[in-house]
């Protein structure tokens, strides 16, 4: 399985789901490899990259949250889109997954057709950011590398942004000093949501503010425009390498 934009690695301890998705996604033109344990998932990604990961939350040896965290902590894997699956109806599970950097979340039972649509949407978004990338954008005390998804502060701190966090910051940088409503933010950062739109957008903005050290009662960089949405109150410019 090669990371050619059409390869998927799935981990789920339900054999019927694995077989169903292997068949369905293969017919849609994807190369699919599936495993039943977290340890096997880690080994598979160490051996060969994938274009997208599908993680079941509940596994025999560990949970999908730890796998999501592990992916986002590795430079080689940090930008890979992640979809999480869960049989739980607990909203807290979904919030945790998204906060850890998952790009989308789907509850069981689910429609393979809907999963396929979400996979295609995430891969299109990943490809789009790669095509448009190449520049380093500077704003305030920060620089964003739009290819590697790395965010740098002038004090030397740097870290990787998950797909959702990167998409949100890139949206603000593409529209500086413009009010963006919640619909615009939701549509740009991920497709259909498993949580109420207002909740998911506010949570995503809050997470990005923490990354940018823009916390407190009156955030200065990403400002809330009451009744309208959010605004990036900063000048954005290309960063010229010395």
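Quick reminder: no glycine exception, Cβ is built from N, Cα and C everywhere.
Summarising the annotation, Swiss-Prot assigns domain 'Response regulatory' to 7-123 and lists sequence analysis as the type of evidence.
Every protein chain considered, the tally of other Cβ atoms within 10 Å of the Cβ of residue 56 (4-aspartylphosphate) stands at 23. Positions annotated as 4-aspartylphosphate by Swiss-Prot, on the basis of sequence analysis: 56.
For 134-234, the entry in Swiss-Prot reads DNA-binding region, with the evidence type sequence analysis.
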Original post:
How many of the residues that make up the DNA-binding region (134-234) does DSSP mark as helix, as strand and as coil?
Top reply: 35 helix, 25 strand, 41 coil
**OP:** Write out how many residues of the domain 'Response regulatory' (7-123) are helix, how many strand and how many coil, based on DSSP.
**Re:** 53 helix, 26 strand, 38 coil
